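Asks: Would you mind keeping the following structure in view while I ask a few things?
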Amino acid sequence: MQSKTHLLEDEFSERGKIRGVRYLQSFLLFLCLFAAYLLRVSISVAIVAMTPDKNSTDFLLETHYHIPVFSWTQHTKSLILSAFFWGYLIMNLPAAMIGRRYNNQMLLAMSMTLTVALSLATPMLVVAFNWPILVLIRFLQGLTQAFTMPMIHGISAKWAPPNERGRLVGFVLGGLQFGTVITLVGSGILASTRSGWPSIYYTSGAFGIFWVILWLIFGSESPDTHRLITRSERNYIKSSLTQTVSEKKNLITPWKEIFTSMPVWAVTISHAGHNCGFWLLLSEMPTFISSVLKFDIKSDGFVSALPYLAMWLCQFPVTYFADYMNKKNVTSLTFSRKFWNTLGMSGGALGLMVLGYMGENANAAICMYVFVVAIGCCTNVGFNINHLDLAPNYAGILMGFTNAVAALGGVLAPTVCGFIVHDQTSVDEWRVVFTLGAVILFFSSIFYIVFGSAEVQSWNEPRNENVGVRSFMQMKTDYGSSSKYTSSSSSFVKVTSKYTMFVRQ
């Protein structure tokens, strides 16, 4: 009779719950990166529309519709494009440390809200104060968006079981490419309308607001705090993480071990090299396509987006195949990470070298551009999720650190390009830029092969100490459960762990 009562209570408590909440969280985080890249990448096309060549079709169209246009030098445009990454560079690690103390869900929502507010204010402020205010806005948006990746990695680590990590986190990271595709295509279309380039900022801001509302309603920092998750799914996720994720509180971050770990530096160098190549293409290719290949602004957007569409589509079979090979023990996790990372980065380096010698052959250059970007999807199961392998308890901190260093790539790519390219129509000057990008990608790939690893590091097992004044950095583990549930559920999870895994078999 008592067992029947418990069954009835369980059935009643599960009413109104939904299955597969971890997939819902992945979808929401995917949309987060999608929205973030709408706001981040739109400047690459918007700046082309804001500074059209005099007497070009775009210039005549914009002046006809009384849309403000500007006469900025290539150096000024490079300064604008790099400003975001200075803010991003400064704030990444502090953002990760703040995320250890405060609720990651709310930090992510606040970050997006501030970025949206700056985007919506951009057209009016730029018309009033010209390019210096745009540099400031981009810098501030870099500060606010610095919270995005550390929070996403911290949240993903609490939701993604190890044997689903490649697919779930790979899908989330696909938001980068999908956001880039829609931004480049949509921005080109919006810029060619009567509303002109200001509509790019308003549209991306509107979607950011929509995402914040969705996230506050359906998102959660961890399975413990989600009101719609079933008990069986919560227990499955928690039991799958018991070997690498600590329930302890007041964890001391092993800074010395992190900064002296060669596998961590392998991820960091690879991350920085990849960012340099990625942002070189993303920020400068619209200008190359417009100035060298002679596409108008609408066609420029479509052509610039095509490689990222290919990248987004390719990442699905790549992440599933990589997870399948790991699950069947065909490859070790370390070999898998190195193989896919090498394919993505060395393949991209080779493609960049060839792209530099395509000249004004538009069809060949576009095909090679598609190849270089698309093959980069392989890094989504390479260095991009390696943080979770090395130290699940400190994945947010690792992402904050590597992302901060990698932001240098976003700073240097447009800045160096501005110093090299004085004549935007010069194929020879662009060849130097592409060759430099290829060398950086190749070196980063080799460094990862030599020093990379997917083994859980010994310092992942945390020390539980009273921390006093250092509590700002140490208050909350990236992967620990909410205190509301820790004491009541930790023993239950241990008892049911074997049973849960048996049922899933």
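Just so you know, glycine gets a Cβ as well, placed from its N, Cα and C.
Nobody curates TrEMBL annotations by hand; they come from automatic prediction.
Pulled from TrEMBL, these are the listed features:
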type	residues	note
DOMAIN	28-456	domain 'Major facilitator superfamily (MFS) profile'
TRANSMEM	27-50	transmembrane segment
TRANSMEM	79-99	transmembrane segment
TRANSMEM	106-129	transmembrane segment
TRANSMEM	135-156	transmembrane segment
TRANSMEM	168-193	transmembrane segment
TRANSMEM	199-218	transmembrane segment
TRANSMEM	301-318	transmembrane segment
TRANSMEM	339-357	transmembrane segment
TRANSMEM	363-383	transmembrane segment
TRANSMEM	395-421	transmembrane segment
TRANSMEM	433-451	transmembrane segment
Asks: So, do the transmembrane segment (301-318) and the transmembrane segment (135-156) meet, by the test of 3 or more Cβ pairs under 8 Å (sequence gap 6 or more)?
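Replies: Touching, no - the transmembrane segment (301-318) and the transmembrane segment (135-156) miss the threshold of 3 or more Cβ pairs under 8 Å.
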Asks: Any chance you could find the range in 106-129, 135-156, 199-218 with the most Cβ pairs under 8 Å to the transmembrane segment (79-99)?
Replies: 135-156
Asks: Under 8 Å for C-beta pairs, could you tell me which stretch among 135-156, 168-193, 363-383 has the largest tally with the transmembrane segment (395-421)?
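Replies: The stretch with the most close Cβ contacts to the transmembrane segment (395-421) is 135-156.
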Asks: How about long-range neighbours of the transmembrane segment (168-193): same chain, 6 or more residues beyond its ends, C-beta under 8 Å?
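Replies: That would be 22-23, 26-27, 29-38, 41-42, 44-46, 48-49, 58, 61, 152, 156, 159-160, 199-200, 203-204, 282, 286, 296-302, 304-305, 308-309, 311-312, 315-316, 318-319, 377, 380-381, 384-385, 388.
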Asks: Against which stretches of its own chain does the transmembrane segment (363-383) lie, if we need a Cβ under 8 Å and a gap of at least six residues from its ends?
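Replies: Distant contacts of the transmembrane segment (363-383): 166, 169-170, 173-174, 177, 266-267, 270-271, 274, 277-278, 281, 285, 293, 303, 306-308, 310-312, 314-315, 318-319, 322-323, 336-338, 340-345, 347-348, 351-352, 354-355, 448, 452.
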Asks: Give me the mean pLDDT over the domain 'Major facilitator superfamily (MFS) profile' (28-456), rounded to a whole number.
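Replies: Within the domain 'Major facilitator superfamily (MFS) profile' (28-456), the model's average pLDDT equals 86.
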Asks: Which residues of the chain, 6 or more past the ends of the transmembrane segment (339-357), have a CB below 8 A from one of its CBs?
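Replies: That would be 270, 273-274, 277, 318, 322, 331, 365, 368-369, 371-373, 375-379, 381-383, 430-435, 437-439, 441-442, 444-445, 448-449, 452.
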